[in-house]
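A.B. asks: So that we are looking at the same thing, I have put the structure below in structure tokens.
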Amino acid sequence: MSHVANKLLVTCALPYANGSIHLGHILEHIQADIWVRYQRMRGKEVHFICADDAHGTPIMLKAQQLGITPEAMIEEMSKEHQQDFAGFNISYDNYHSTHSEENRQLSTKIYLALKKNGHIKSKTISQLYDEEKGMFLPDRFVKGTCPKCKAPDQYGDNCEVCGSTYSPTELINPRSVVSGSTPVMRETEHYFFDLPAFSNMLQEWIRSGALQEQVANKMQEWFDSGLQQWDITRDAPYFGFEIPDAPGKYFYVWLDAPIGYMGSFLNLCEKRGDLSFDEFWNKESKTDLYHFIGKDIVYFHSLFWPAVLEGSEYRKPTNLFVHGYVTVNGAKMSKSRGTFITARAYLDHFDADCLRYYYAAKLSSRIDDIDLNLEDFVQRVNSDIVNKVVNLASRTAGFISKRFDGKLAANLDDAKLYQHFVDMQESIAQCFENREFGKAIREIMALADEANRYIDEKAPWVVAKQEGKEAELQAICTMGINLFRVLMTYLKPILPSLTERSEAFLQTELTWNALSQPLLNHEITKFKALFNRIEMDKANAMVEASKSTIAPVKEITGPLADAPIQETIKFDDFAKIDMRIAEIKQADFVDGSDKLLKLILDLGGETRQVFSGIRSAYPDPKVLEGRLTVMVANLAPRKMRFGISEGMVMAAGPGGEDIFLLSPDSGAKPGHQVK
């Protein structure tokens, strides 16, 4: 790849906040983290950020199914996602959410800049509408047959089989994912981003040679079929940011989602105080911006995103690093087979370094799918990490501790061999730089084989039994420890947990620059097991656990679906509310209002006037007179055009005629406090 700047901003695609992280997701975050850790080892200033993609109809509907607000759901998802990434040692500098004030401000600013520069068009469109649910259907909530390749069961925005994009109205035999009904067409006004206006700029980007060949080729296919204006609007109900000056219209999630990269970085700048947002995002920035993404979202990142940035006068990405999908045991991940494995299920059974190593061994700069074969996974981890690398230290460290009080020799037994290991750093560095992690591991394991052959030939266990061979034994074991140190330095970006334990054992930090100088006359600690073998039984247990933990979300219907439970509050906040029993002494219509009733309430020594929106439920207000009810007594008086309302009566129900005034049990009296 081309020269990397000294300052880098690196992102992973934003996980969607409606489900758990699984082993398909984690591939990308491991890939990016390895590259980031390598760049940091080489002295680069790297800012590694991510966020939850927290908007859209799927989140709104799932929260409704769960009977909670979208805000409450995405908050819990964010906590879970961050715990999972921490469990895999993903070294983010900041993890944020697209449902943030930073993202709202930036989305609005970018939209207004695009509009000012003439890149936003409006037009009336016909859109699919679910009459059963009373809502316009976003593209991901329509399924049907792809109009291009005729693949069945495809979403309304793009085909997962042929990669084509289209509008939901082009689907053959569309159906609503929400209700299963056949949608009808209705007209609505939408705003569009003028993507074709950026065709020349985007084609220059293709010809620059920076993009992966497979990405550039796919982009050319899209150009050949013609770019279309991009609908950036969604109709209410929708969980997201409302478009300025367009009530009831919301930004499509794919407009504000990539802006989430900027929002997360802005949040980091605000936290740190010593970072400049403009230095990394202004049009003339000298820094590098890299996005690690999956091949399923190339279209949005290679066309829409750079065009949106160009149109709003921000810098474009330096490059996209695209990876393929993950299969398990040669097949698509399956909940029924237990191969739909969540990050948490994996971490309950294995060290994160095991999967980091296995994925790294299979990763290249190409967009190839990766198969997680569990038998191969167990065999490779044991063969490479345990038998080849850690075993090198365990075969020599004991002699150093027992015979030489933990002190390494003053000289190496084979300085030429050590120099050969050090000389490989340039080749291995190039592999890391170019994201050819599999090649890097092959080169490192070839060195590990050489190191173990050296120990086999020198046989320190034999030398230890020979009198007068102490210096030779110390030199051989010192050599083995130093070769282990070189190998672990090369593996440091991949195996952070093992590296940390190895640094404690060696009592030195493993750095690229220190490789030229071996550890001599240096004291190490007593060797303890650095890494344990893994067993197939645990892999089988993980699969079984995954079968039992993946369960369909129980759909909540009725009142909780219509009015989800709000976010939790602290007890101290609840305790501030003073609810009292009140007798309705008088109830009358309010002139000029078809919703309100005027209630005169007796609190047992004090009278209050309250305006309540319950007229539809009580067409004869006189039936309320003499009833006891519950009121919020310490609500601040509210001035209305009909008079002052001095509290609020408590009622239940969805609204309209279905409102039911609350009444206390017998024995309660006006003025009693509700506890």
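First residue shown is number 1, and so on along the chain.
Quick reminder: no glycine exception, Cβ is built from N, Cα and C everywhere.
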A.B. asks: Given the ranges 15-25, 378-388, 653-663, which one is assigned the annotation motif ''HIGH' region' in Swiss-Prot?
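C.D. replies: Residues 15-25 are the ones Swiss-Prot records as motif ''HIGH' region'.
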A.B. asks: In Swiss-Prot, which of 52-56, 332-336, 507-511 is labelled motif ''KMSKS' region'?
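C.D. replies: Result: 332-336 is the stretch Swiss-Prot calls motif ''KMSKS' region'.
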A.B. asks: Neighbours of the Zn(2+) site C146, C149, C159, C162: Cβ within 8 Å of the Cβ centroid, same chain, sequence order.
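C.D. replies: Surrounding the site, in chain order, are P147, K148, K150, A151, Q154, E160, V161, G163, S164.
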A.B. asks: Cβ under 8 Å to the motif ''HIGH' region' (15-25), counting only same-chain residues 6 or more beyond its ends: which ones?
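C.D. replies: Contacts with the motif ''HIGH' region' (15-25): 50, 52-54, 56, 58-59, 62, 73-74, 77-78, 80-81, 84-85, 97, 325-326, 328, 333, 340-344, 346, 355, 372.
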A.B. asks: Take the C-alpha atoms of K335 (ATP binding site) and C162 (Zn(2+) binding site) and report the distance between them in angstrom, rounded.
C.D. replies: 25
A.B. asks: Based on Cβ atoms within 10 Å, give me the single least packed residue among the binding-site residues C146, C149, C159.
C.D. replies: C149
A.B. asks: Give the sequence-ordered list of residues that share a chain with C162 (Zn(2+) binding site), lie 6 or more positions from it, and have CB atoms under 8 Å from its CB.
C.D. replies: C146, K148, C149, A151
A.B. asks: Please report the three-state DSSP label of C149 (Zn(2+) binding site).
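C.D. replies: The three-state answer is coil.
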A.B. asks: To what whole number does the mean pLDDT across the motif ''KMSKS' region' (332-336) round?
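C.D. replies: PLDDT averaged over the stretch: 80.
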